[in-house]
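Asks: Sending over a structure as structure tokens; questions will come in a sec.
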Amino acid sequence: MIPAVVLLLLLLVEQAAALGEPQLCYILDAILFLYGIVLTLLYCRLKLQVRKAAIDSYEKSDGVYTGLSTRNQETYETLKHEKPPQ
């Protein structure tokens, strides 16, 4: 695909040399526009793949609290109040 693009650009350069100044700008603008569209599509595709991978990895785990267990001992213990000797 890359050699085809290079060949196309070389053909456009020969034609562009024969064109006037405004027409050359239009050709360059079209190339930049297509380049921007391709980059935008690749960026969106990458974002969707990363998001899908994150969702898949989240579904594989049991949840946020994986590995935690309940304690057998109560958190709060009652204090034994003893009267001081008199």
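Quick reminder: no glycine exception, Cβ is built from N, Cα and C everywhere.
From Swiss-Prot, here are the annotated features:
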type	residues	note
SIGNAL	1-18	signal peptide
TOPO_DOM	19-23	topological domain 'Extracellular'
TRANSMEM	24-44	transmembrane segment
TOPO_DOM	45-86	topological domain 'Cytoplasmic'
DOMAIN	54-82	domain 'ITAM'
MOD_RES	Tyr65	phosphotyrosine
MOD_RES	Ser69	phosphoserine
MOD_RES	Tyr76	phosphotyrosine
MOD_RES	Thr78	phosphothreonine
Asks: What same-chain residues, at least 6 away in sequence, bring their CB to under 8 Å of the CB of Tyr76 (phosphotyrosine)?
Replies: none
Asks: Quick one: average pLDDT across the topological domain 'Cytoplasmic' (45-86), no decimals.
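Replies: Reported value for the topological domain 'Cytoplasmic' (45-86) is a mean pLDDT of 72.
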Asks: Inside 10 Å of the Cβ of the residue listed as 'phosphothreonine', count up the other Cβ atoms and send me the figure.
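Replies: Neighbour count, Cβ to Cβ under the 10 Å cut-off: 6.
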